[in-house]
Every structure is written in C-alpha cells, then in structure tokens.
Amino acid sequence: MEWLIASVIAVMTGCGVYLTLRARTFPVVLGLTMLAYAVNVFLFAMGRLQVGFPAVIDPAAAGYTDPLPQALVLTAIVIAFGMTAFLIVLALKARSELGNDHVDGLHRSDDERKAKRHNNKTDSERSAS
Amino acid sequence: MSLLSFNLPLAALLPFFAAPFAAWATRYNRLASAWVAGITTLLTLALLFPSMAFVFAGETIIQQWSWLPSIGFNIAFRLDGLALLFALLILLIGLLVIIYARYYLSAKDSMGRFYAYMLMFMGSMLGIVLSENLLQLVVFWELTSITSFLLISYWQHRQDARQGARMALAVTGGGGLALLGGVLLLGHIVGSYQLTDVLASGDLIKGHDLYLPTLVLILLGVFTKSAQFPFHFWLPHAMAAPTPVSAYLHSATMVKAGIFLLARFFPALSGTPEWVWLVSSAGLITLLLGAYVALFKHDLKGLLAYSTLSHLGLITLLFGFSSELALVAAIFHIINHATFKGSLFMVAGIIDHESGTRDMRKLNGLFKMMPHTAVLAMIAAAAMAGVPLLNGFLSKEMFFEQAISASGTPLAIWTIPALVTLAAIFSVAYSLRFIHDVFFNGEPIDLPKTPHEPPRFMKIPVDILVVLCLLVGIAPMYLISPILTVAVASSLQTAAPEFSLAIWHGFNIPLLMSFIALVLGVAVYTMRHRLFAWNEKGLHSLDGKAVFDWLLWKTIRLSKKVTDAFDQTTLQPAVTWVIGGALVLGIVTFFQFNSPLIGNRVMMEADVITLLMSLILIVASLLTVILHHKRLVALIAIGVVGLIVALGFVKFSAPDLALTQLSVEVVTIVLLLLALFFLPQHTPQERSYIRFTRDGVISVSAAVSVFFLAMAVLSRDYSPISGFFIENAKPGGGGTNVVNVILVDFRGFDTLGEIAVLALAGLGIFAMLEGLKLFAPTKDVDGLVWSHDPHPPIMQTLTRLLFPLMLMVAVFIFLRGHNLPGGGFIAGLIASVALISQYLANGIDWTNERLRIDMHRVIWIGLLIATLTGVVSMFIGYPFLTTSFTYLTWPVVGKFEVASAIAFDLGVFLVVVGATVMILVELGKLSHASHHIKKEEVN
C-alpha cells in the first residue's frame, strides 16, 4: 500500500511541476493546484497510513490515527483554495492589463527568441530611464 | 486599577489612536483635524499631570507588563525627571506648533494628513522618552524616523521634499539599525533590557570587552538622529518640510532624541576616554561647521538649519566633557534652544508665508511692514546669540565655563576655549544677519507678495516662546530650577550637583568670552560681503549630499547588478531555478546519510480497490498534463484527481479531510470554470524542445525524489506527539473529535492566522476584480453560440428545493464538529456550495435580491468573533485563545456541552463562507456584466 501512495504522490508532484513550468497562466494555475494536492497527501501520509482507526475519542476504539497531520492538512486544503483563487484572478487581471495570458505578459509565442528580445527590451528601457 | 497605574503607556499611545481620527475629521471640516490634534495634546498633558508631583519629589515611576520575558522584551514605561522634561517639551511645543500650523497651511494642503502625521510623530517621541525597556525604545525610535519621513515629504509634489525625506530616512533609519545593535549588545552585557538595570551597571559596561563596539553603535544612532558630523548633511535638506515641521522636528524634538539618549545613557556609558574623544570631537566639529556655514546661507531656513546643527554640536560637546556640571549646562541649553529656535523657525515661516520668499538677498526692511514679528524675531535671535538677560546667555555662559574647566581632559588646555569662542563669534554674526538683513538693510527687492503682519493667532505661539526666553533669562531660579534639578538628577542617577543659575557671576573669563564673541561677531557681520565673496570661491561646494548621493547611486547599482545576475525578469527560468535548487539541495542532503533508503516498518497489503483508484488518479494526472492544451478537458481531468484524493482520505481514516477536500473540489472547479470563460480556450504549443526536455527532466526527477522521500518516511516507525492531543482532547478541550479540537483549541492561533489569510485572499481578489473589464467570447470552443437558456427551470427548481436542506446539513455538520467529523471549515464550505449553487442555477440578480448580505461584513464579523473569543480568555486571566466549556442540561435535548471553542468555530465558519462566496460571486458578476455589455451593444 505504501509504495502505491508514494507513487501517487510522486506522479502528482511530477505533473504539478511540469505544468507549473509552462508559459501560460492557466496551466500554471492547474499545476499549482496539482502540487497542492501532492503536498497535502504527502503531509497527510506523514502520520502513516491507517485504515479503520478513528480520530474521534471512543472508548471502544482499538487505536487512533494520528490527528495532527489531519488538522494541519485540513487548513492547508482551505488555504490552497484561497491561493488558487487568488492566482486565477491574478491571471485574469494580467490578461486584461497586458492583453494576453503569457506568464511574462508577452505577445510573442516564439520562446527561443523571446528571452533574448525581452532582455534587450528591458536593457533599452533601463538606459532610457 | 487606577489611572496612575497605566497613564504612561496611554499617554504615548493616545496620539496614535487620535491620528486616524484627525485624518477622518477633516472630511467634515477643514479645521476639525487641528482641533483633534490640539485636544489630544492637551489630554496627553492631562494624563501625565497627576504623575508630575511624584517626579518632582524625586520618584521614578515605572509601569510594566511582561510580554516576551524569554527575550527580555517587556512593555515598560518610565517617568522620571529627564523623561518629564522631554515630554513637556514635546507636548507644549507640539501644542504651539499645532496652533501655528493651522494658520500656516494653505487651503490646498490636506490638514487631516498633516495633523495625523504630527500626532503619530508626537506619540513616537513620547514613546522614546517614556520607555523603560530599551527594545521598546528602539521601536519608537524607528517610528520617529518613519513619521518624520512622512512629515518632511508632506508636500509630495515637490522633488526636493521627496529627496530630503528619503535622505533623512536613510540616514536616521540606518542609525536606528546601529542603535538596535548597540542596545542588543548592552542587553547582552547587562543581562536585561530594562533601563533601571542598565543604568545601575555602568562599571560593568565600561569594563566589558564589548564596551567599544556598544558605544560606537549607540553613538551612530545618536549622531545620525541629532545630525552630528559626519552625518549632519541630512538636516539642511530636510528643510524642504513645511516650516511648522521644521520648528517642531528640527529644533525642539526629533533632533533632540539623539541628545536625549546621551543624557539617558550618561551613567552607563560616559566618562571613559573613548566617550570623551568620540562625543566631544563630533560635537566640536559640528559646532564650528554649523556656525560657520550658517552665516553664508542666503535662505532663512538654511541659516536656521545650520545654526541648529551648531547648537546641537554645542550640546553634544557638553556631554562629551562628561562632568556633572557640563550635563547641567547641556540640559539647560536643550530647553533654551527649543524655545528660541522654535520661535525663530516660526518667524521664518511667517516671513515666507507673508512675503513669498525666504531669500535674504531679497528680504530687506521688513520692520516697517511687520513690526510685531520683527520685535519677536529680534528677542529670539538675541537669545540665540547669547545676549544678556535672555535664556541663551545663561546656558552659553555655563558652556564657556565648562569649556574652560574641560582642560583637565586630554584635549589641550587652550584650544577648546578658543574654538568655542570662535563658534560663538559666528553665532553672533549669523544671528545679527537674521535680524539686520531681513528687517532693516534698505528696501525689499521684488518680493512675490507685499508682506504685512500675519493673523493674530499665528503670532501667539511665537509670543509665548519669546516671553519664555525673556522670563527664563531674567528669573532663571524660579522658572527653570525645579525641573532642571530633577532632570539632571535622573540623568545622573544621583543627586544633582550644586549649580547656580544667575545672570551675574561677577567679572570672569566666561563673561570675557561672551564679550569677545559679541564684539567680534558684530565685526564679522559688518565685513560679511568680503567673506561672502571669499566663500563663493570654493568652500560653498562642500556638501555631504554629494557623497550621500554617490553612495546611494553605487548601492543601487550594486543591488541591480546582483538582481540582474539572478533574475532574468521572466517567470519560467525563475521557477526553474527555485524547483531545481530545491531538488539539488534535497538530493544532496539525502545522500549524506548512510541509512538504508527503505525502512523496516511492516507495510500494508494493497487491496484491489485502492490499486484501481490509484491507477485512475495517475492516469487522470497524466491526462491533465498531456491534454493541458485543451483547457476544459484538462480541468475535468484535474477534477477527477481531486475527487480521488478525497476518496483516499475516506479510506485512510480521515473523514474530516475527505469532507473538506470534497467541498473545496467543487468550489475550485466552479471557480476555474468561471475564470476559463475569460481566458483562451487553448494553450498554444510551445516550440522549444530544449525547454520540453529540461522541464521533463526536472519533473521526473522531482517525482522520483518525492517517491523516495515518501517511501523513506512511510516505511519507518515513528513516535508521534499526537498522544498528548488524543489524551487531552476530551478533558482539556471538551470535544471528542481530536482534529477539530486541535484546530479550534490546541492550535487555535494557527487557525486564526489561516482564516485571516483566507479573508485577505478574498479581499485581494475583490480589489483586483474591481473595475476589471474583460473580453467575453460570444461562442464556445467549437464555434457554437452559448445556450440561450442559462438557467434551466429543472435545475432552478431542484436547487431551490435543496437549498434549505443543504443549509441544514451545514448547520448539522457545524454543531457536531467538536465531537464528530465536521466543524467550521467544512460547514462553511458546505454552506458556500449551497449559496453558490443558487447563484449558478438562478443567476446573480435573482439571488442577490433575496440574499441581501454583504460578504465583506460576514468576513469581518467572523474575524472579529474569532479574535474576541481569544481576547475574552485574556481578560479572565488565561492566555490568548484558551477555551473553556461547560455542560448544560436543556429540556428535551438533555445534557449539552457549551464550549467557547464553538464561538471560535463560528468565526471560522463565517470567514470561510464570506471569502468563498465573495470570490465566486465577484467572478460571476464579471461574466454577468460582460453579457450585459454585449446585449447593449447588440441593441
């Protein structure tokens, strides 16, 4: 079971990282959401995997699961939602201000030349100011 | 608790409380803010009044509350003679400046902003002089730097004001950092940050190895604040401030803060050769430099600024002499300087106000036009020059006497008296220039305005100060002796030495020095034209500003270079660096340990359902990546991932998490769908294969690393700290759902922080969406027109029917949360889903008509309830956020538990509902508005 959960966390991390590295805002938001899932499950798993143990006090219970990671992850889920919401609205704002949804606010889709040109542009801006 | 047990902190904080009120009051009446400021000052004085009698009886009043005892940070205030003297200076001169500024500021200036800044500054100054804890003192010290920055840059449209303010902030703020370092060292040496302990350990401090660094750091703070050489250059540039600010900050209060520290730390630090050399040389140089440059300034305020430097240097020099009588003279001169310089600045402001210029080459012969002001100026300037029968004469005589008797110090026997007399000569000359050039000396030369006497009340503050100069000068024994004695005694921490404040001490050397200064000063003034010409040749270009600007420019360039080396101003490489860096660090650390990768904990057998679910999750995750160009599909795929994560929580004994994840999932997907409407439906293909490969390598290595990390942890046994929570949940927290008890009780402070973050995210989103206009596509991805019926009746009917049920579920989940899975977070999310589904099914207009609740209000009420629950426990005498619970027996219901934690959970509930609904509805309104725009366009 453990190796299964570890691979689930691993796949979600990998996919999250890949999407976070993309050049458009929407995939980046998806990537961060995915990373948040991975992190939450990872944190949760730090309490070790327990099947059938309650986190509620019960005299009849044979044992308890670790409630602390659960409490931490519970708030983490809500905060992750807040962050996702903030990011996606930031993406909307960027789209309306910059006219496109590139993470750097660039129109050019050619990534190869983009970085170079962008550097040139900022240099000329600096020398102008 | 009587007022006398907490009047000191109240006095320091009252101006801060009143400041926003002053800013607000100006909306209704322009002058209301001046009234607020004046009344606040009077109230603060009244607060200190009852304690005064004790201070005059020689007592030191200390009021303290322990806050962070582990690092010695107490909230501690102290009122002794020295503190009282400074507090009175701050408040009384503050009051006069407040009256004066009301007439000085023009209709274009914002009164509210001015008085709010003034009050904050006043509070910071009071905080410095009333602090018993040194760390607290440093906090107030920095606050004066910040508030004075705001005051100097009050005329924000002027470049010189902005630059002067920035320079003042950089210099005094930097000095504040040094002071913090010095205070930390002092605390390290003494073992306490309480002033009482520090002052009692003078010998320990002076004998300690760290004495010199401590002294240098503290003196850096003092010299920057009190504009001593070589940090003097910011003061003249701060003259870009409105004149009331200059009168207050740069004559009476802020620049005296440094000197206050010299007096405060006198028993702890003074008397060593290091102190004598450092303090007196800085003082002497500043005294001479200021006096010399002042004569050549054509700007009225420039002259006063350099003369202020010179007088600050004089006071510093007196402290440098390190004798008890020198201390008397220094403190006496602090009072005198505040009175005459404050009034002179106000006069300069009046002249500027009435004539439109401060250039002494244009200002001539104003005596005919404003005789009253001229007489005031003459008396004050005479006091500054040290003319007999005025207060300046008395302290200057004492200064001369000390300069002569300082021959015992390592400085040579005759140099100091000679140099001091030289400074006095220039002092007489520039005082004379202030009077003769402005009020006599022919006719004015093309003034922008024809000057006349200012309004009566603008002169009254000057009148009062000038009368004080005279009274103190003529009858020092009665007026000044009592306060001076207690101030000196508390500064020395012993009885004050015998001193005599008399006008006539017989013919002696100090009198001779005064005489020489007066005669030669007049002589220097008469040959000023030749001196001006000589000065023009080169010396005038000496300005610390050039050095400062050069340093600033260098620093900015260096920081730019460093930034540019790391940041290419594009996001993707930056993210690559962050993730790649984390990977490298993690992997390197991993290989530092020799223990086996997989531990020996007995692992569980995987069952078929879990296997299946995991496979679906993995496939869905991969699909999200593969199909991320088709955004809608990717969104559906990631929804699947989230749902299976929720199921996983069910499987592994975490019902609370499952409930949370499930409701968050719904809300997140709705949110992303709403946003997707305004974004391109497809992601264009990126063309760089290098980047694909690089990102692929990074992602795969991240996945592999995380896999091994998770395996390494999961395959090992551990000893959790949760036993404590499980044992104490019921007896300590009164609930059986340990997860919820941790959230609302054990770790309640964390939760409070988290809901605050959520509230801020909601408000941030609200702010970003305000006024946002986005292009809304008329057709969907496949080119089809959107449905004409956005609110299908079946869905409407169903959701309306379900709504009460959903709310009931939320209430149920909320109430049982303390004992069974549930709680504020989950109930809040469920209630949000209930509300959002109404918005989705019935439209925003329909729902808003029926649900007239402002979500902003819900958020702040929630935060308020949660915070108050914590504060209430403090009032009962328990730490913040301690819960209490009891059992009630209700009819029908039976035994029922009431815990204060439920109030806290209610706060959590409200914040979650408020923030979630606000975020989604604001986004929804956006599409709503864009539809409306389109309809209008079509029509």
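Cβ from N, Cα, C; glycine included.
Quick caveat, the model's predicted, so the values are computed rather than measured.
Under 8 Å from some Cβ of the transmembrane segment (B:6-24) lie the Cβ atoms of residues 33, 36-37, 40-41, 43-44, 47-48, 50-51, 61, 63, 75, 77-79, 87, 112-113, 115-117, 119-120, 122-123, 126-127, 130, 140, all in the same chain and six or more residues away from its ends. Look at TrEMBL and you will find B:6-24 (among others) tagged as transmembrane segment.
The feature transmembrane segment is assigned by TrEMBL to B:36-62 (among others). Sequence-distant contacts of the transmembrane segment (B:36-62) (same chain, six or more residues past either end, CB-CB distance under 8 Å): 3-4, 7-8, 10-11, 14-15, 18, 21-22, 25, 76-81, 84, 87, 91-92, 94-95, 98-99, 115, 118-119, 122, 126, 132, 196, 482-483, 486, 489-490.
Residues or ranges marked as domain 'NADH-Ubiquinone oxidoreductase (complex I) chain 5 N-terminal' by TrEMBL: B:69-115.
Annotation source TrEMBL lists transmembrane segment at B:82-102 (among others).
When Cβ-Cβ distances below 8 Å are used as the criterion, the transmembrane segment (B:114-131) is approached by residues 8-9, 11-16, 18-20, 22-23, 26, 33-34, 36-37, 40-41, 44, 76-79, 82-83, 86-87, 90-91, 94, 97-98, 101, 105, 137, 139-141, 143-144, 146-148, 150-151, 154, 195, 242, 245, 248-249, 253-254, 257, 260 of the same chain, each at least six residues removed from its ends. The annotation transmembrane segment is assigned in TrEMBL to B:114-131 (among others).
What TrEMBL records for B:131-413 is domain 'NADH:quinone oxidoreductase/Mrp antiporter transmembrane'.
Sequence-distant neighbours of the transmembrane segment (B:167-190) (same chain, 6+ residues past either end, Cβ-Cβ under 8 Å): 72, 134-135, 137-138, 141-142, 144-146, 148-149, 152, 197-198, 201, 204-205, 208, 210-211, 213-225, 231, 233-235, 237-238, 261, 268, 545, 548, 552. Summarising the annotation, TrEMBL assigns transmembrane segment to B:167-190 (among others).
Sequence-distant contacts of the transmembrane segment (B:411-432) (same chain, at least 6 residues past either end, Cβ-Cβ under 8 Å): 280, 284, 287-288, 291-292, 294-295, 303, 306-307, 310, 314, 317, 381-382, 384-386, 396, 399-400, 403-404, 509, 513-514, 516-518, 520-522, 524-525, 528. The transmembrane segment annotation in TrEMBL covers B:411-432 (among others).
Marked as transmembrane segment by TrEMBL: B:608-627 (among others).
Residue counts for the domain 'MrpA C-terminal/MbhD' (B:616-681) by DSSP state, with H, G and I taken as helix and E and B as strand, are 54 helix, 1 strand, 11 coil. Taken from TrEMBL, the feature domain 'MrpA C-terminal/MbhD' covers B:616-681.
The annotation transmembrane segment is assigned in TrEMBL to B:632-650 (among others).
Annotated domain 'MrpA C-terminal/MbhE' per TrEMBL: B:691-770, in sequence order. Taking the domain 'MrpA C-terminal/MbhE' (B:691-770) as a whole, pLDDT averages 87 in the prediction.
For the transmembrane segment (B:755-776), the residues of the chain that approach it from at least six positions outside its boundaries are 677-678, 855-856, 859-860, 862-863, 866, 907-908, 911-912, 914-916, 918-919, 922-923, 925-927, 930-931, 933-934, judged by C-beta separation under 8 angstroms. Annotation comment: TrEMBL describes B:755-776 (among others) as transmembrane segment.
Feature annotation from TrEMBL assigns domain 'Na+/H+ antiporter MnhB subunit-related protein' to B:794-917.
According to TrEMBL, the feature transmembrane segment maps to B:797-817 (among others).
Beyond the transmembrane segment (B:858-881), the same-chain residues lying 6 or more positions past its ends with a Cβ under 8 Å from any Cβ of the stretch are 745, 748-749, 751-752, 755-756, 759, 762-763, 900-901, 903-904, 906-915, 917-918. According to TrEMBL, the feature transmembrane segment maps to B:858-881 (among others).
Tertiary neighbourhood of the transmembrane segment (B:82-102): same-chain residues 11, 31, 34, 37-38, 41-42, 44-45, 48, 52, 55, 111, 114-115, 118, 122, 125-126, 129-130, 242, 244, 247-248, 252-253, 256, 260, 263-264, 331, 334-335, 338, 342, 346, 349, 457-458, 460-462, 464-465, 483-484, 486-487, 490-491, selected by CB-CB distance under 8 Å and a gap of 6+ residues from either end. In terms of DSSP secondary structure, the domain 'MrpA C-terminal/MbhE' (B:691-770) contains 67 helix, 1 strand, 12 coil. For the domain 'Na+/H+ antiporter MnhB subunit-related protein' (B:794-917), residue counts in helix, strand and coil come to 88 helix, 12 strand, 24 coil, using DSSP.
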